Every structure is written in structure tokens, then in C-alpha cells.
């Protein structure tokens, strides 16, 4: 027959395994509480002390270890730009001359066709390489792309 400390430790292991599938470090906090209860049971303390150990261990883990763990994990992961933010810095090609005086101009960026405005008001000829430096409504703001060396 399994003793109480075995049961607490098995529950802790199950919670740690389940934590693999969640990103919040909540189940692991409960797992640490179970380990504290396992220690209390191993020392021969009663059920009330085991439950108190579970509560104390969980709270300590949740309010101290969890913030440190999440800060460390999320700091290491790079910020991924998505949607329109991902366009900024990309290179495109002018498909219709960009002439801010005439209000016309189009570019192709990443296979998509966009209305374009030159950042400094200059005229950019057709087939020129441009870099997207911003987005304003449904228009991209571009400048001539630096020439490759």
C-alpha cells in the first residue's frame, strides 16, 4: 500500500507533466505544493499539516517562483511581428511610379499590391526597390531601398 507521501509525490509528478502542455506555470505551482505536502507526510505529520504544507507551498511557488519563471521564459523568446507590423522593414518593388504631387503610386511587397507614398515626398520610378518604413491607413510609406554591396 502506498503511504501518504507517495500519493502526494505521484500527484506532484502528474501536475508537472500536465504543466508541459500549459504555458502559465500554474500547475507546476500546485505541484510544488504537493511536494511540500509530501515532505510533511514523510516527516509523519498529520493530514492538517499536509494540507497546510500544500497551501503554503502552492502560494509561495505561485507568488515567488512563477513570476521569476515567466519573466525568464518570456524574455528569452523573441517578439514576433505579425500582420501589418511585419511589413515594416521589408523590401518591395515599385509597380506604378510614386509621385506624391499626383497622389499616385503602387508597390508590391511580399506578393501584395499596396498604394504607396514616398517618405520624403520624392518621385520614385517604376521597378525601383523600396523599403517599407511605415503604414498609414491603407498606404505604405516607403523610401528607396539601400543598394546592396
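We count from 1, first residue shown onward.
Keep in mind that glycine also has a Cβ here, set from the backbone N, Cα and C atoms.
Between the listed ranges 51-69, 70-88, TrEMBL ties the annotation transmembrane segment to 51-69. Model confidence over the domain 'NfeD-like C-terminal' (85-144) is summarised by a mean pLDDT of 89.
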